[in-house]
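As recorded in TrEMBL, the features of this protein are as follows:
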TRANSMEM  17-38  transmembrane segment
DOMAIN    278-523  domain 'FAD-binding FR-type'
BINDING   Arg297, Thr537, Ser597, Arg598, Lys603, Gln604, Tyr605, Val606, Thr607, Asp640  NADP(+) binding site
BINDING   Arg453, Tyr454, Tyr455, Ser456, Thr471, Ala472, Val473, Tyr477, Gly487, Val488, Ala489, Thr490, Trp678  FAD binding site
Amino acid sequence: MEVEADIGAESMKDESFFGPLDILLITALLGIAAWWFMKDKKKDSAYKSYTIQPTALGSTTDTSGNSFIKKLKTSGRSLVAFYGSQTGTGEEFAGRLAKEGVRYQMKGMVADPEEYDMGELVNMKEIPNSLAVFCLATYGEGDPTDNAMDFYEWLQNGSADLTGLNYAVFGLGNKTYEHYNAVGIYVDQRLEELGATRVCELGLGDDDANIEDDFITWKDKFWPSVCESFGIETMGEDVSIRQYQLVEHTEINTDRVYTGEVARLHSLKNQRPPFDVKNPYLAPISVNRELHKAGNRSCMHIEFNIEGSRMRYDTGDHCAVYAKNDDENVEKLGKLLGVNLDTLFTLTNTDEDSSKKHPFPCPTSYRTALTYYLDITSNPRTHILKELSEYCSNPEEQVKLKSMASTSPEGKQLYNSWIIQDNRNILHILEDMPSCKPPIDHICELLPRLQCRYYSISSSSKLHPTTVHITAVRVEYKTPTGRLNKGVATCWLADKKPNTQPDTDLPSPVVPIFIRKSQFKLPTRPQTPIIMIGPGTGLAPFRGFIQERDLYRKEGKPVGETILYFGCRKKSEDYIYQEELEEYVANGTLKLYVAFSREQEQKQYVTHLLEKNKDELWNVIGENNGHLYVCGDAKNMARDVHNIVVNVIKEKGNMEEAQANTYLKKMEAQKRYSADVWS
């Protein structure tokens, strides 16, 4: 029987179970099934990224909660102000426009494009005298903000018919960056290409100068253009309109009171992943040490422990820190406003249809609001000064505030000198104008939200997967009025020292953080040569880059040339991470050029060293397809580096100016020329 079984097995091998025709039919059936499955998947993914063509109103709008058209219709509104905002300014400008619409017979709403189906823009024409305004910031290297990314891609990839859509765009940018206001410019042009009607010329705000001045100057053109387009007139004097109603609580369950949480109640006590912008992780500080050796400035190396948080980062990403305002400033503000800071209250939006029910998490105390939720240290914008003027009993102080809130040349000049140049915040204004006594709830309504601070991560995730390192200069300076201004985050972090006493059980201080992804990345192939230019704390992300390349080298992998240009004032004072860098040079990982700007009569910067090494620069970026990275000051250093690179491409690559610029643009598109800069 065993022999028969063996023979049967052999015959099975010789005679295939399926014939050629069977295999062909099965393959065809599998192909059709795969096509059908992928067809449905494509539909789903297209809808999520706003790339499908808009459907008739009613097919999805009535059943979904992301219809701004439905909200406009049911609440009798005709103005929607969308914002693309990374720091809150774009959202603030959109809110001001929506609020002012009442004066022009246009009830408005503010909308986050991330929360709505932007394909519905095709249906705006169904609402008489309707208008969509876009306050869009440009972020990074000409990119839209995170919340406007899907809308931006929808405009790029779609071909919707926007005939009948009336629109206006105000862009928020910074002239120190190469791609100044790229998003606002593109959206303004693209909407017109798709058939929409521009109601007012494009407005461009420059945050490096005075973006508030730019906005109110544009707004002075915007509303007359709107009135002319729709044949409407202003309803009279610009009066103060309160958006939120105050309720102070005498009896309330304290377990329902917010104490500094970003969004979810008790999220800082009951931590649960995933951790992000609305749910930060309380990271213990394991290291907080001074990097400067001497001098009167301070630069901190801080390490956050993220073990067990499930948070992951890649080398080159950013760490966001939620800080708190200085307790002394909060106390001073409470005294000037004459309130008990421990009073519990709620501010509720008087507009029941608004998606923003409260300006910040409520109920809470005035102390918590001024400490965690409100920006009390920035220069107030003009609309805040106008509201404050209503509470002045001294006529001269009232006239002065109203003047600074106006669009007259004298008013703008006064605002620029008294607020911007003298660097006054809300506390300073109330100190210098003692007759101004606004109610604290109106202050809570007017002031913008306190924003998290972003720092380039200065460690490699491959070498330090459970810790996040940042490098931060402590900000502290005297203003022209003789006051001491302190950086909100850096001065707060400076006091958070980990427990180094082995015999005590004191817990380490914790900081709310989350990780923001970045495009500032090492080449995928370690053998690709790189040049990094990072004076001062611009060194931060490159420290992580170097750590990673050193790890590759120690693992025996081929690693391309790693070149760093670093600059500081004096070797004996602010040469940060000196020992680490010199060790990398000694073991062959790093080639280092250091510029000490104040150790000789003629100041020397990294750009001077870069100009001396044109052949090496061209060898990396022109002959070996290498990568160039710049991190630090956008206004001077990054611009100078850009010009040097263009000249090297022209000279060493034998190109004309236009060709050199095209070459550099191609490098940027390929992520071979990357900048992580700030102004």
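Any Cβ shown, glycine's included, is placed from N, Cα and C.
The record assigns Arg453, Tyr454, Tyr455, Ser456, Thr471, Ala472, Val473, Tyr477, Gly487, Val488, Ala489, Thr490, Trp678 to the FAD site; their largest pairwise CA distance measures 23 Å. Taking the Cβ of Thr471 (FAD binding site) as centre and 10 Å as the limit, one finds 23 other Cβ atoms among all the protein chains shown.
Among the binding-site residues Arg297, Ser597, Lys603, Tyr605, Thr607, the ones whose Cα sits within 10 Å of the Cα of Val473 (FAD binding site) are Arg297. Taken together, the residues of the domain 'FAD-binding FR-type' (278-523) have an average pLDDT of 95. Across the residues the record lists as binding NADP(+) (Arg297, Thr537, Ser597, Arg598, Lys603, Gln604, Tyr605, Val606, Thr607, Asp640), the two Cα atoms farthest apart are 26 Å from each other. Within the same chain, residues at least 6 positions away in sequence whose Cβ sits under 8 Å from that of Lys603 (NADP(+) binding site) are Ser597. Of the candidate binding-site residues, Arg297, Tyr605, Thr607, the one lying closest to Tyr455 (FAD binding site) when CA atoms are compared is Arg297. Ranking the binding-site residues Val473, Ala489 by how many other Cβ atoms lie within 10 angstroms of each Cβ puts Val473 at the bottom. Rounded to a whole number, the C-alpha distance linking Tyr605 (NADP(+) binding site) with Arg453 (FAD binding site) is 28 angstrom. Put simply, Arg453 (FAD binding site) is 20 Å from Arg297 (NADP(+) binding site) when counted between their Cα atoms.
Residues near Thr607 (NADP(+) binding site) in space but far in sequence (CB under 8 A, at least 6 apart, same chain), listed by position: Met637, Asp640, Val641, Ile644. The binding-site residues examined here are Arg453, Tyr455, Trp678; by Cβ neighbour count within 10 Å, the least packed of them is Trp678.
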